[in-house]
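Undergrad: Sharing a structure here in structure tokens format.
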Amino acid sequence: MEVFYYVVFGVLGIVVATLELSKNNKDRINTSSAFTSFKNNYLVVYSLMMAGDWLQGPYVCYLYSTYGHSKGDIGQLFIAGFGSSMLFGTIVGSLADKQGRKRACVTYCITYILSCITKHSPQYKVLMVGRVLGGIATSLLFSSFESWLVAEHNKRGFEQQWLSITFSKAVFFGNGLVAIIAGLFGNLLVHSFSLGPVAPFDAAACFLAIGMAVILSSWSENYGDPSDNKDLITQFRGAAIAIASDEKIALLGAIQSLFEGSMYTFVFLWTPALSPNDEEIPHGFIFATFMLASMLGSSLASRLLSRSSPKVESYMQIVFLVSAASLLLPIIMASLVAPSKVKGGGISFSGCFQLLGFCVFEACVGLFWPSIMKMRSQYIPEEARSTIMNFFRIPLNIFVCVVLYNVNEFPMTVMFGMCSVFLFIASLLQRRLMTIADKPKANDWTPLNERNAEEAPLNI
């Protein structure tokens with residue numbers, strides 16, 4: 001493997017270690033021992049949940065291809081996953097608010113374990129069921145755990161600022177360190193131990209089962225709005241009213257969809273961007289490098305969130321602009337460097353520059369996650385937190401499905417340009433959010449929802 005990859009990984013590792021070890025009192029928040037115990041328990045569970053997710057990611061396509069399915073069939077399986085997340089995710093999010101977030105987190109574990117089990121069958125229909133289950137699980141992962149954390153944090157009377165510690169550590173470990181370890185562990189199972197491409201899914205199921213045991217034994221239940229007189233449609237209406245009546249919630253949803261849509265598109269694009277002529281690149285090592293860059297971003301977010309200035313609404317404008325610029329790099333390199341017609345070989349000069357730009361983008365991703373979690377905890381009403389968070393994922397899943405369906409129809413530079421435009425728009429929306437951030441919240445949506453239900457009763 002070329003020295004370039006080791007240099008990039010080593011430099012990022014040194015920067016991350018330096019940031020973590022050089023934190024002073026300004027970068028730390030004094031907390032209580034009760035909060036530390038609560039935070040560590042959540043981090044253990046969240047890391048196990050993310051391990052179950054990260055172990056599967058690198059081997060999904062590989063597993064499907066070893067079963068003999070075509071690229072078209074594999075594309076349909078992925079579309080089914082995002083489609084089920086869009087259709088069923090909102091429903092399970094509402095059920096989480098009503099039936100309990102702890103139950104929803106346990107449901108995530110069970111659903112994802114069942115999805116892992118389906119990977120043992122080469123039958124297309126069975127794999128399709130697994131993708132649908134996986135889509136539902138993904139919606140639960142990115143809504144129910146955060147909703148449980150915020151509600152439980154507030155219920156226990158911890159200071160609001162302490163939430164940022166948990167958010168940044170969850171991203172640092174769950175989306176960074178655990179991702180790297182999971183990638184290496186999966187590689188060990190498949191290649192070193194020659195257990196086959198289904199082995200990471202079995203390992204993921206084991207981690208999910210352990211996490212579920214910790215949840216059942218140590219978590220208490222909390223709810224959004226558990227009232228019996230509210231059916232599912234009424235909950236949906238209430239969430240829609242909350243988004244429509246509060247500009248800050250609507251802006252937050254648009255920002256999240258624009259950034260995550262660009263992020264998921266990047267996942268499909270980075271491999272062909274770095275190896276347009278089938279250059280030999282170490283995918284696993286590059287993935288680990290990206291995760292290290294994400295850890296750098298979450299470490300920066302930890303410092304920023306621990307201080308009163310700059311506010312999260314302010315610095316996220318810069319994050320979106322930098323991420324937009326980083327995804328313009330493939331377009332710039334395509335216009336400046338003539339494309340090579342030589343097949344194979346190592347990464348090109350242009351690919352090296354693009355890899356550095358992609359690392360910058362991943363650092364922005366690391367900054368994005370704890371920061372958007374912080375803003376969601378401030379602006380989304382507790383009564384429908386999971387429902388609204390899954391509403392935010394509807395345009396995201398539609399966008400990803402469209403991209404997957406048409407990924408071969410557009411040149412790669414057009415796709416990167418589209419992502420860059422989306423991120424620039426996110427920056428503009430973030431500026432608007434900063435402008436109105438200090439305005440008082442809109443009237444509580446719950447009474448409005450109840451009045452609306454009385455005026456137009458629904459028979460279901």
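Here the Cβ of each residue, glycine as well, is placed from N, Cα and C on the backbone.
Because TrEMBL annotations are produced automatically, they should be read as predictions rather than curated entries.
TrEMBL lists these features:
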type: TRANSMEM; residues: 6-22; note: transmembrane segment
type: TRANSMEM; residues: 43-65; note: transmembrane segment
type: TRANSMEM; residues: 77-96; note: transmembrane segment
type: TRANSMEM; residues: 170-189; note: transmembrane segment
type: TRANSMEM; residues: 201-219; note: transmembrane segment
type: TRANSMEM; residues: 285-306; note: transmembrane segment
type: TRANSMEM; residues: 318-338; note: transmembrane segment
type: TRANSMEM; residues: 344-369; note: transmembrane segment
type: TRANSMEM; residues: 390-407; note: transmembrane segment
type: TRANSMEM; residues: 413-429; note: transmembrane segment
Undergrad: Counting a contact as 3 or more Cβ pairs under 8 Å, with residues at least 6 apart in sequence, do the transmembrane segment (344-369) and the transmembrane segment (285-306) touch?
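TA: In this chain the transmembrane segment (344-369) contacts the transmembrane segment (285-306) - 3 or more Cβ pairs sit under 8 Å.
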Undergrad: Could you give the residue numbers and ranges of same-chain residues that sit at least 6 residues beyond the transmembrane segment (390-407) on either side and whose C-beta is under 8 angstroms from one of its C-beta atoms?
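TA: Distal contacts: 75, 78-79, 82-83, 85-86, 89-90, 92-94, 139, 142-143, 239-240, 243, 252-253, 256-257, 260-261, 264-265, 268, 415.
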Undergrad: Short question: most Cβ pairs under 8 Å with the transmembrane segment (285-306), which of 6-22, 201-219, 318-338?
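TA: Out of the listed stretches, 6-22 contacts the transmembrane segment (285-306) most.
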Undergrad: Six or more residues beyond either end and a Cβ under 8 Å away: which residues meet both conditions relative to the transmembrane segment (413-429)?
TA: 251, 254-255, 258-259, 261-262, 265-266, 269, 273, 317, 320-321, 323-325, 327-328, 330-331, 334, 403, 407
